[in-house]
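These notes concern the structure reproduced below.
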């Protein structure tokens, strides 16, 4: 391969090299302008994406968080789209820093270096022209000074020799070196362009895996849409607990009007105790504007006893509030116990602290406990009222009572129906819920049997249980009991003492060993 050098091959093309190097720098600046416009497009695109996400994902309080999988998936897609916008910003930032900024700095360096080399070339050309003028002047003197022909001839010969020497150095030393420097500069420019071309692609390629993950996240979010789950949430949210209206009585106008309502009326359930569905709280009214996504959640009346809600929804809300208050009460109890222990330590070791300094905190904790107990009692009263109304409705519909004893459900210790697969409230291991104790009258009425239940296992009490509530069984630590009914998922196990006394104990308080031939032999600790 032949080597090409500006210094030897283009020694007489100074102006063309000047134009070529200027064109190269202009092309470099044009490419820089292209990169700048590209990163501005990226920034604008990222900003518009973020504005789009912000527009369709307004700020919400914790209570307004969506529960439908379709909504959750859409918000997941918005989050992924927001991450995608962030990657576009990374592309713009990387291009601005590694490509555009580098090109602008390099363009200034090339301009300075080119100017320096061209100035050196012009100086060399001017020096050569000066030597040529001196030689031409000496030649003129040869013709003008005939009387000093020899002197002029010698001067001419000397200047000619000097010019030839300088000309040789000009075309063999100075110009080749200058043009070689120009060639190196132009080749470095070409190499730099190649590097920036690669950087231009690498910046985009580095974010491709992240963009792919964003898209995969969007697909995953789309697959997470569960129409059955959303339908279940709708049913759970809007179920009122009202019984369907009964049949209208047949009225025989041929008989006495006074006998129509008593003798010829088809058996129809009636509202007892003044309990009637409130038209203001019907399902259609409750369901109005519930399926919201981008708009604001409609405000509902905020009554402390939730009396504005249908019975089923009111029961759930009251139960949730009682559970929350119970957790807060347990925290206060734990805090009181911890303060009492710390006070005992201070009393035994006065150097560690003053026991009296803890008394205000203990008093405050006791006050909080009393307030919480009062709130729990008040909400339990409302809950009992709601459950009493629901039970009254259930007594008027024998077919509904049969369903309560179907294999899919069981009677909980408090006497209300509990769906086994969807247990929402369990007693904590350290504090059994007294509201879940079985009511003997209700339970015995439904499961009255002359024969005692067979023993299916035995258990050992890990902790003492006072059994103060009706339907519960008192037990002491390490006491052995017989198991006659397993835990159905509500946190209670039916047991029998050796004396024959039966009742319910917290499952988490005992260690259970089932018989080999019994179903569901599981040991709980």
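A Cβ is built for glycine as well, from the same backbone N, Cα and C atoms used for every other residue.
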Next item on the list: Select from 280-314, 315-349, 455-489 the stretch of residues annotated by TrEMBL as coiled coil.
Entry: 315-349
Checklist line | Residues of the domain 'REM-1' (308-385) by DSSP state, where helix covers H, G and I | finding: 72 helix, 0 strand, 6 coil
Next item on the list: Please work out the helix, strand and coil residue numbers for the domain 'SH3' (454-515) from the DSSP assignment.
Entry: 3 helix, 29 strand, 30 coil
